[in-house]
Amino acid sequence: MASNKVVISALLVVVVSVLAATTTMADHHQEQVVYTPGQLCQPGIGYPTYPLPRCRAFVKRQCVAPGTVDEQVRRGCCRQLAAIDSSWCRCDALNHMLRIIYRESGAADAGHPMAEVFRGCRRGDIERAAASLPAFCNVDIPNGVGGVCYWLPGTGY
């Protein structure tokens with residue numbers, strides 16, 4: 001008889017725990033938590049249309065002469081990257097920034113990693129510099145590995 005009471009008590013504890021967890025999950029989802037970027041990570045919505053001007057300057061200088069970047073430019077870049085409200089949108093903003101750099105220099109949006117974007121700077125080098133900015137600036141990105149954005153050339157991911 002005592003063992004039946006223990007079993008019933010244990011089952012009751014499990015049921016109450018499950019109900020509490022379910023209520024917590026329901027409350028959490030009513031707050032409309034966004035888990036993926038979807039339509040929000042677009043120029044002018046999730047980040048500025050002309051994003052990260054300090055990061056553009058930083059990446060260009062890093063590409064041409066690694067290690068020679070002004071501390072003020074580096075801090076400005078990190079501030080601009082951290083200011084993007086949704087951490088999900090940071091890699092998209094960096095990818096959009098790269099496309100702007102390519103257009104400004106007359107390079108195609110997609111191309112061979114060894115192709116020169118501008119004098120002394122290859123596409124692969126500038127892409128690696130941009131992709132590693134979240135880790136360098138110590139800002140959160142939920143869609144990268146070790147703080148490094150990953151994307152396939154020309155796709156934005």
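Quick reminder: no glycine exception, Cβ is built from N, Cα and C everywhere.
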Per Swiss-Prot, cysteine bonded by disulfide to C77 (from C41, C55, C121): C55
Swiss-Prot annotation, disulfide partner among C63, C78, C89 for C137: C78
Candidates C77, C91, C149, namely the disulfide-bonded residues, that fall within 10 Å of C137 (disulfide bond) by Cα distance: C77
Disulfide-bonded residues clustered about C78 (disulfide bond) [Cα within 10 Å; pool: C41, C55, C91]: C55
C91 (disulfide bond) versus disulfide-bonded residues C41, C55, C63, C77, C121 - nearest by Cα: C41
Among C89, C91, which are disulfide-bonded residues, the residue with the most C-beta atoms within 10 angstroms of its C-beta: C91
Among C55, C63, C77, C121, C149, which are recorded as disulfide-bonded residues, the nearest neighbour of C89 (disulfide bond) by Cα: C149
